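Student: Sharing a structure with you now.
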């Protein structure tokens, strides 16, 4: 039976999940996780406590409880459960109060709510990424923070959306297709924004697998075509001195982190 894990918050529970996943990923084990957001009252906290206690009675193992709860009275209810408690906010707040010489002033949902100035940056960036996905339009490239390039199915769209959703970065993306390969060059709109360009590439064998799952037995998905496109695009990156990374076997989170590290782009939100 898998060890039970609870991610609990009086907000979205995103913080509890992120920290919890980061900690648990250090162990070569699988877990049975349950996320419970918006535990905003003592009554809700008591109901969650009952779930935790029932799990302990059923399994004989104390559930792992990761939480980021602002209100002390709600937090105390969770503390009193039979779970093994990991309180991220309280762990860091008390030492910081001492170092900064000021008492914390907790605010509900401050880290993810609409009151956060980064909220508008997130929405604007998501809208921009969707409107400027896959070269749909070249009219607004000047407004981009970043323009991702690459062959079809190398990870441009998920990377653009992740950067916009997670960091508020306006990321457009432009595809190089089979028709471009005979005379591969940068369109004028991209030349004008050369400092914003960043290339993605991928191992041809992996690209072949991805395309084959969508359009099997086509020229588009053939290994020969994949090898040719990747080779041509990488040569263009080198000729134009466009930085690029290989996305093969990397998660979208890892790709985004590499892009930010190489480009030095600043996050617009946290």
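A Cβ is built for glycine as well, from the same backbone N, Cα and C atoms used for every other residue.
So Swiss-Prot says this about it:
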BINDING   150, 151, 152, 153, 154, 155, 156, 157  ADP binding site
Student: Please name the residue among the binding-site residues 150, 155 whose C-beta has the most neighbouring C-beta atoms within 10 angstroms.
Tutor: 150
Student: Excluding 150, 151, 152, 153, 154, 155, 156, 157, which residues of the same chain place their Cβ within 8 Å of the centroid of the Cβ atoms of the recorded ADP site?
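Tutor: Surrounding the site, in chain order, are 173, 175, 200, 202, 247.
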